[in-house]
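Marked as domain 'K Homology' by TrEMBL: 228-296, 300-368, 373-441, 513-581, 585-654, 659-727, 731-800, 805-874, 951-1051, 1052-1118, 1130-1201, 1205-1274 (among others). If you look up TrEMBL, you'll see 855-882 marked as coiled coil. Positions annotated as region 'Disordered' by TrEMBL: 989-1025, 1316-1347. TrEMBL lists 1011-1025 with the feature compositional bias 'Basic and acidic residues'.
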Amino acid sequence: MLHFTWWCRESPRQKTRTLPLLQTLQFFTFPMVISEVRVGSSCDWCSKSWQADKRAAYRTDSLATDHLAGGIPGLCVGGKSTMSSVAVLTQESFAEHRSGLTQQQVKALNSEEENDPPTYKEAFPPLPEKAPCLEAAQEPSGPWSKIRPIKASVITQVFHVPLEERKYKDMNQFGEGEQAKICLDIMQKTGAHLELSLAKDQGLSIMVSGKLEAVMKARKEIVARLQTQASATVAIPKEHHRFVIGKNGEKLQDLELKTATKIQIPRPDDPSNQIKITGTKEGIEKARHEILLISAEQDKRAVERLDVEKVYHPFIAGPYNKLVSELMQDTGTRINIPPPSVNKTEIVFTGEKEQLAQAVARVKKIYEEKKKKTTTIAVEVKKSQHKYVIGPKGNSLQEILEKTGVSVEIPPTDSSSETVILRGEPEKLGQALTEVYAKANSFTVSSVSAPSWLHRFIIGKKGQNLAKITQQMPKVHIEFTEGEDKITLEGPTEDVNVAQEQIEVMVKDLINRMDYAEINVDHKFHRHLIGKNGANINRIKDLYKVSVRIPPDNEKSNLIRIEGDPQGVQQAKKELLELASRMENERTKDLIIEQKFHRTIIGQKGERIREIREKFPEVIINFPDPAHKSDIVQLRGPKNEVEKCTKYMQKMVADLVENSFSISVPIFKQFHKNIIGKGGANIKKIREESNTKIDLPAENSNSETIVITGKRANCEAARHRILAIQKELANITEVEVSIPSKLHNSLIGAKGRFIRSIMEECGGVHIHFPTEGSGSDTVTIRGPAQDVEKAKKQLLHLAEEKQTKSYTVDLRAKPEYHKFLIGKGGGNIRKVRDNTGARIIFPTSEDKDQELITIMGTEEAVKEAQKELEALIKNLDNVVEDSMVVDPKHHRHFVIRRGQVLREIADEYGGVMVSFPRSGTQSDKVTLKGAKDCVEAAKKRIQEIIEDLEAQVTIECTIPQKFHRSIMGPKGSRIQQITRDYGVQIKFPDREENPAPVAEPALQENGEEGGEGKDGKDADPSSPRKCDIIIISGRREKCEAAKEALQALVPVTIEVEVPFDLHRYIIGQKGSGIRKMMDEFEVNIQVPAPELQSDIITITGLAANLDRAKAGLLERVKELQAEQEDRALRSFKLTVTVDPKYHPKIIGRKGAVITQIRTEHEVNIQFPDKDDESQAQDQITITGYEKNAEAARDAIMKIVGELEQMVSEDVTLDHRVHARIIGARGKAIRKIMDEFKVDIRFPQSGAPDPNCVTVTGLPENVEEAIDHILNLEEEYLADVVDNEAMQVYMKPSSHEESKAPSKGFVVRDAPWATVNNEKAPDMSSSEDFPSFGAQVAPKTLPWGPKR
């Protein structure tokens, strides 16, 4: 049943009537909105007849707007009464109603299964007639007696946030910014639907729809997050606070919950009586009222409550609360009138009894007077206009009350009522009514029809299109509702009309040039359609100039909408469907790759993975997060592409595993620079040619190990080349010693300590043990011959000790004592070893325990060495202080460079502390503090330094300035080596930028001439220039030795004769050849310019290097001459005449045959160019060694001979079996051709004879091949015939069966069949049966027929 409500002008009473429902359902589908006006009925109050034509009997709008009186809907005008109703009936609701029917009635409704269709009355039983009296209405009987009432599961509430209470006011565009984000967050959290609109007064209206629980949650969130949290204080006596709190704080909690505020009550020890309330304005008012009520109840003064009807409260308060304020001021009584939002009638008076009585009497008087004089009228005002009647902060209501003395009662916002009641004196009601309508009609609401999908184009990017309209007419509010095909405009009438015209023009233009399409794609593919960072979808948008709307993941919707230019929409639709179709055929594969290889596969800045993705663009490759420590790499894409990518990546991983082999090569530190070469040329070449990664230790590192990484064979090759460089540069010997593998670990020692001590002691030789588990006994020793022999002896001796009986003892000594114990050049420790025969191992800088000293050997030797070392350490622990005399002139030498000399003495002599007197004092006393032996040794060393300083001389070494740079060496390394070796100081002169020519005489002093040589002195041209003189300081003998070393570094130049035609080969590509020789021999090689045609090449460098460089150059000349001779031999040419028809067979499939001949005989074979008519087309040219060329010619002629013996035969094969004989991708036919050594050609599509197949080959092979394929034809043809015979009995396809149209739901004796023989409605028509919420598509669209 549906209940209909309407109003009548003659009697403003509300009337409810029950009307039949099913009679209105006959032309409509579910879900739908039904409105019915009973034709022929009359108004129950004015008894005027309601007239309407048949078309008005069924309406789909919510208001019968054809019948309005002065803009107020619902009034009876001219004998007509407006009645309207709205009801929503869904398919589910209808099913629920039907569940109350009897079994027979349900059977009747489902009578499609029976032969005869049911009658209309059986399918749709009529509702019972309305009872004459509502009170005496009986329960309906019959089929509808068991119908359960429909309960709305979804409710809607509207909340209004005034401008002054809005938290977010400053927004460039409504619907953007933090406010929109909060609304989205609230919707996601609560599941409720929010719609925001902005009023003219910039207040915010929020409509919340959803289930009751969701709406309540959303309301709480809105109040907390979108309204400003104002605060106010209320003062009540301190002793009343506990009554506000209540037992266990229950009353306070209840009050906070009821008013949605936060109430802060001062602590008991706080003397303040102010209670702070935080929340919305409305909530604060409620809370304040409640607190004052509680306080008033507890107040010792008189409290009186007066029950006054709520509707008279405005008259007592007066406009803007002026009347009640005056009353409180006059009487000194506190009067608490509940605010309009609190549904209470009680007014509370608090104060002195006499004054209170006066106040109560005056309020009663006002109440009685107003009750007697006032009357009411009720008027209908659209719900949307109520806010204009109320005004901002209720100012309009207060203004009407002040002007007319009339109170205007507005229904609450959550009520659906549109009735506004005016209460006041009769003569003033008319004026108040005028004011109400003036306020209500000051703004108008209009709408423009526009498809919802066009809304965002009307709004424009970032609201640009709407901004143009709103800037011209800022008072107009434009609202777009999602899913509705209309735009609502609200504002001043004139502005609304102008804005409406502009929007209608915009809509018309968009409809003419825009289109849309919707496609269904499984939501799991949406992210792949979008692509990484939106790459795919952005490309489609840019390419076709369309907008593609893909629903978010949480909606789980499959619908994708494309909007834009009609042609672009169709193209984008086609591409998206193709992509989706391809994804449906995709597969996902997990590839197990060790995580350590992931970074290498990805490459630096993703270069390598980018290459893989470009190679397999259809495959998506996902690597796990490094933090997850997972080895699974996921591949996704078309099956074939995923398989190819898997194989490619597996091969890459296999190569990485193979290339991750690592080998360490110990190379003496001084040769690292030679291995690197000039500008890294040597090391780069070794890396490129061996395809390995070679890592050298840093310059400041003590490590000598070079690490090579790559394939095992490549690493060994690189190692061999690096060792060869070292061997060539120095007198390096390599010997192999056989030591049982079981002793290797004990000889190496913990972390290599023992073997490292031998290597250091023997001049840094390299000792290489075989890898553990190899079973080899061979140990390799590499280094200078003398040191290698020494290391060999020690290693064999140590191995012998290990085999007999080895004894080990650990001692501890402070690290600063170690150098003193070892002694200069290892003298002290060598002495102990020689005396005892034990080996003593000190910790290296890499060892964690820096105090541990290990002694190993025979038990007797170890104990004796231990005794000697313990005695030395004990002496070192006895700290003494001593002094010595040092001339003050030498003090500076010890303290300069931040006391470097003193630091060296302390390091070498057990950390002894040496203190020199402060500068400025004339003292010559130097204090030494430390172990007794260390102090004595340090004194001795200081004395030696002083003797050197006193014996120091300075000599000059003249070397031309142009050689200074080469003498210094890279970064001054050569000079630093000389200063260390000879203990001298070397100072180079300042460089002259433009030195004067030597032959030119020096300028005369003061401009005087030297005459003829009698009085003046001529400059001596043979005297050295200042910039050529190098100063050497130190002991004389050492200075002389250093001078000789410097002069030996002066480069020398020699000339070598090399034939001019070989010069370019010596230089090499981009100078690589000559650069290699210069780096290798450390010389400079100068090749004359080509225009000089000279054979002389000059070599400049150290005398020691020149002979090696010259020998290397001449060796290179010999190699080049040998290459020239070989090149001449390889240039032999031979021509073969072969019929062009045989050329393809000689070349072979993808050049396989000719490539094999070229490779086998090491020749170059050239075929004639088909496009060059000047060339003889039957000539094949062979180039190479004479013998090889002749062999290649014989191989070609042998093939030609075989081809000439071949025959071709045609055989008839039924074209229906061709595909079976060829096989998948030609595998079967290739197998036949390989087996019988023939060529088989099938006819192309459209050939005159589709059954003709050509077989070519040797006669006997052709015959065998033909027999074989004829046998296959016979076998396959039998299958073909059987299949064709089966087709006759096969069931036809489902789409052929479904061609007959469905009759749909059919009933007999329907109303349309009996009245005027009307035709039954077409259920497939969208006009007769429109779907709810969608437009009825007109027969001709404005933009042409739908594609």
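Note that the numbers count up from 1, one per residue, in the order the chain is shown.
Every residue gets a Cβ built from N, Cα and C, even glycine.
Sequence-distant contacts of the coiled coil (855-882) (same chain, six or more residues past either end, CB-CB distance under 8 Å): 754, 801, 804-811, 813-814, 817, 820-821, 832-833, 835-841, 910, 927-936, 939.
By number of Cβ pairs under 8 Å, the domain 'K Homology' (1052-1118) is matched best by 659-727 from the list 300-368, 659-727, 1130-1201, 1205-1274.
In the predicted structure, the domain 'K Homology' (513-581) carries a mean pLDDT of 83. For the domain 'K Homology' (1130-1201), the DSSP counts in helix, strand and coil order read 38 helix, 15 strand, 19 coil. For the domain 'K Homology' (659-727), the DSSP counts in helix, strand and coil order read 38 helix, 15 strand, 16 coil.
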